[in-house]
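Here is the structure we will look at.
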Amino acid sequence: MIHFIAGVVTSANYWFIVLRSTAPILLVTLGAVITAQAGIMNMALEGSMLWAALTGVIVSAATQNVWIGLLAGIGASVLVALVLGLFALKLHANPVLSGVALNLVATGGTVFVLFSLTGDKGISSSLASKVLPSLSIPVVKDIPWIGKVVSGQNIVVYIAAVSVVVIDLILRRFAIGRRIRATGENVEAARAAGINPVRIKFFTLIISGILAGFAGCFLSMGYTSNFTSGIAAGRGYVANAAQVVAGGTAVGSIFAAMLFGLTDAMATYLQNIGLMPELIQALPYAVTILGFVVVTFVRDRREAERKRKLFAGTAMQKEKADAA
Amino acid sequence: MNYIVRTEKLSKIYPNGTFANKSVDFAVMEGEIHGLVGENGAGKTTLMKMLYGEEQPSQGSILIDEKPVSLASEFDAIKAGIGMVHQHFMLVPSLTAAENLVLGKEPKRKRTRTFDLAAAVSITEELSKHYNLPVFAKARVADLSVSMRQKLEILKALYRGARILILDEPTAVLTPQETEELFVELKTLKQQGKTIIFISHKLKEIFNLCDRVTVMRDGRMIATHNVADVDVHQISNEMVGREVRFEIARPPMAPGEPALRVRELSYVDDFAIPKLKHVSFTLRRNEILGVVGVDGNGQTELVEIITGNEKALSGKVFAYSTEVTNRSAGFVRRCGIAHIAEDRMTVGTALPASIEQNLLADRYRNRQFSTRAGFLRSREMAAYAGRLVHEYDIRCNSANQPVASLSGGNMQKVVVAREFTANASILVISEPTRGVDIGAIEYIHTKIMEMRSAGKAILLVSSDLQEVMALSDSLIVMHEGEIVAYFPDAAAVTDKELGLYMLGIKRQSDEELRKVLHE
């Protein structure tokens, strides 16, 4: 078993799959990060992904143009985020409950639309949908091992990598990043500074909608070449846990998403050697949640430790003062 | 001189029918410091909210530079040159002072349009120098002192081009020394041509700082005076419509046996800051022990731990012979400790609940009010609540109206009525008169003295230095979570001297501090 795993983790193919499974979760985690920074939890990421995946497939099949399909998918995803914004920010409904409601609508709604169009409740294979292209990177592709891992990935994998940079820039380099943080941390202060918190939150929701749109389209037009019911498979939910593991930063999101990607890729291999597939498929989620628990636990412990040390420090000062 | 801000017959009626401002003609001259005084509920806050665009007038008009303006939001007010320093600072703790200053109006690099942190820092430092308001531009706000945060708030308003600054009770959180410093700075701002509207409860400050003062009462403007032409008594008469007693009758009384003993209490907060370090003292019967200190030096935590609302890291608390350390608030109450919480809105009362329910919150299970089977005796409860409402002069239409509908002073009377009739032998009182009108303050002070005469042991925490000094028999001063001074006779110490201890400039020897143990 150990032998088998060791063989897997040294193979270029494994790492190729790791990047491929990391990409969608990375995109939604970034979306969760930016909305969380603005103080709103985008619980509807799952629904965004589902509608994006389905819309992408339908529109690309109808237009026979994969890019129009991708754009439509992203549009659908952003629309879900905007509806969440409407419920939570304009109509003051509970954002988490609204998000869950939107996800439930998406779960049933996508299947309903799929069935209406194709007569099939499970898969869109009867639609002649398109697939997003893979890119082979000149020069890099010729590097042994690394070329096999990095080059030849689907375009969305590279978009995910670029997104990390973009989100990092937004959060740390542009004024809007300060405004997002101010809104998330002290909404009154933001308002007093002439910032419109609702607009900031909508802005982050739209960004997260775009990211979830890419992720959703990738699932049905790259990762696989069909829409299947429940294709998002809880990634939108896991993103909100991964966001905590990421510590609210774009770079942290890479680690959080990798945690998912590494186990997800490993699960593919483990399935081949006949381990219980249901159990194996649960692994990436379990690991992310475990990461969430560990990170929270470690943070709390560190905090407590810091407190103890600080206090010991002051106690020592007092002893010294007493002695003197 | 010109009026820079003027209101004409400005009225505000809230949707629930409350007449908050009635035909107010308020006028501020350019380049003056204008004091605004009045009891709570007199309409000062409403007036300022209308000037800052947070509320819309029902009638009348606001004129800036003698031109009518409509201020639909804070944004319009800022554009019109009005800046406000709120009582609760509008700052983002994890961002630096410079980032907070430019928030919403950030300097950007020419080419990349990215946030220019270096420019933000230099803007902050320049403004800070120009207006002589020192702040650490590069420090995170979380690490700044309260007085520096306040200066940052003033700078923020100035950065946005404020010509008129509204300061809402700015001295409430400052030590006497910091207050004096602020006054010097405000006078400098005045010399630089800024106009300042200064809201305060403390008449002494108005007389030290302001050129003119406007008195409000019951939503009306009573009068505007040149400060030089009036005295404290006239102003306070106008505020309450009668003579106010500043002196508190205090029958001489020897403290009795130890009631509340606190030993070596330590506490660290969620941000890993030690808030209490080995705090020890003894409170005796017939004694009012005042706790003095700048807000945030451990007083809140001390009270919360004693009353069972927070858990100590180490140390012990005894109510007479019973140890109550880290027990539940209910247990602590049963041991005879009553508690007037510093925040009556969130801890002291349940706002949507009725006056009656609030008055009976800790005793509805007594046989007097509920049957053995657990049914409430509503008639007894109503009668009891009616008696307390009458006895404690709670001004309301009925004991069934929600506490939220009461003014600050009457809300506090509900808390006082409940706690003072709780049959407790120890009273822990926090901020008994914060944001309460003068009439109610006087009433509460009298009640506290009555409790002392009745043999209660009273721990009194208040950020109003004059109040603690006037009421207390003895004083302890807290600085950074430690007791740094003990004065067995509160009458023998001046506020200046207390200020030195409050700021940590002076500290008594351990020998002197041990006296507070009374062992």
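Each residue, glycine too, has its Cβ placed from N, Cα and C.
Bear in mind that the values here come from a model prediction, so they are computed numbers and not experimental data.
Positions annotated as transmembrane segment by TrEMBL: A:12-36, A:43-62, A:68-89, A:96-117, A:155-171, A:202-223, A:279-298.
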Intrachain residues whose Cβ lies under 8 Å of the transmembrane segment (A:43-62), provided they are six or more past its termini: 24, 28, 31-32, 68-70, 72-81, 83-84, 95-96, 98-100, 102-103, 105-107, 109-110, 113-114, 117, 124, 127-130, 208-209, 212-217, 219-221, 226-227, 230-232, 234-237, 239-240
Contact check, the transmembrane segment (A:68-89) vs the transmembrane segment (A:155-171), 3+ Cβ pairs under 8 Å, seq sep 6+: no
Top Cβ-contact partner of the transmembrane segment (A:155-171) among A:12-36, A:96-117, A:202-223 (pairs under 8 Å): A:12-36
Contact set, same chain, for the transmembrane segment (A:202-223): CB under 8 Å, 6 or more residues outside the stretch: 20-21, 23-25, 27-28, 30-32, 34-35, 37-38, 40, 42, 45, 48-54, 56-57, 60, 66, 69-70, 73-82, 84-85, 89, 124, 129-132, 134, 154-156, 159-160, 163, 167, 170, 176, 180, 231-232, 235-236
